[in-house]
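According to TrEMBL, the disulfide bond annotation covers C149-C169. Among the features that TrEMBL reports, transmembrane segment is placed at 12-40, 52-74, 81-108, 204-233.
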Amino acid sequence: MSLLTGSANCIKYVLFAFNLVLLITGIILIAVGLGVATVYNEYEIFLASKFFSIPTFLIVIGSFIIVISFFGCWGALKENYCLILTFSVLLGIIFILELSAGISGYVLRSDAESLIKVTLTDSLNKYNNTKVDEVTVLWDYVQKTFTCCGVNSYKDWESKFHDNLPLSCCSLPNGVVGQFSCTTNNEDSNRYSNGCLTEFSNYIAAHAVSLGAAGVIIAILQFFGVLFSCYIAREIKIRNGISGFVG
């Protein structure tokens, strides 16, 4: 028999429904974290370690949310004071952690350009046209993908290759047969005019924003879950005549 009546009983079922939503948000957090981590792994050489900490953190939080949602569902159905209180405390901790992760995502967006500039500059000097390695492959991939050349401009390559540039700095004209050159010559219309820093850092920052938005929005939803669960725990405590913190 239910101990709760009226509005408290209604909120109990709202809390149960909320836990089903919470289960879905946990899955969403894992999906967002995995998606962004996959994108970041593609450019791992160019990114500082802190770019990987937030998606990993959200994946862990999402997994934890899925587990504690069962505490909330079972506690709400059974009207168990200890289970709901445990759920409320755990959800409160998750709320703080997730809000922190969301804010960190927005902070990372602001720092993205300065962090990436350091790694791009360092890796540019490791570009090797005689012995192709992962740095060379990634630089060519980034320059082709973002139609850019160098960190700030094509001039970044001059100290390394003088008048010549990596072929990935130029768009390949239609109908080219045989050799093709990409140079610093001002008349070279095929050369990409923009540096890679701005476009690439904007791309990475956009994914940091998606992490931040996911963390903050879901944290707000969880805040209401904490309020609901605290209210239900209080009502159960009153109706059971429980004294003290855990009875």
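Placement of Cβ uses the backbone N, Cα and C atoms for every residue, glycine included.
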Can you tell me how many other Cβ atoms are located within 10 Å of the Cβ belonging to C149 (disulfide bond)?
25
In terms of Cβ proximity under 8 Å, which residues at least six beyond the ends of the transmembrane segment (81-108) contact it?
15, 22, 29, 50-51, 54, 57-58, 61, 64-65, 68, 71-72, 74-75, 205, 208-219, 222-223, 225-226, 229-230, 232-233, 236-237, 240, 242, 246-247
Just jot down the residues in the same chain as C169 (disulfide bond), at least 6 apart in sequence, with C-beta under 8 A of its C-beta; none if empty.
Q143, C149, G150, Y154, W157, C182, R191, Y192
Under an 8 Å Cβ to Cβ limit, what residues of the same chain, 6 or more beyond the ends of the transmembrane segment (12-40), are close to it?
2, 4, 47, 51-52, 55-59, 61-66, 69-70, 72-73, 76-77, 79, 84, 91, 98, 204, 207-208, 210-211, 214-215, 218, 221-222, 224-225, 228-229, 232
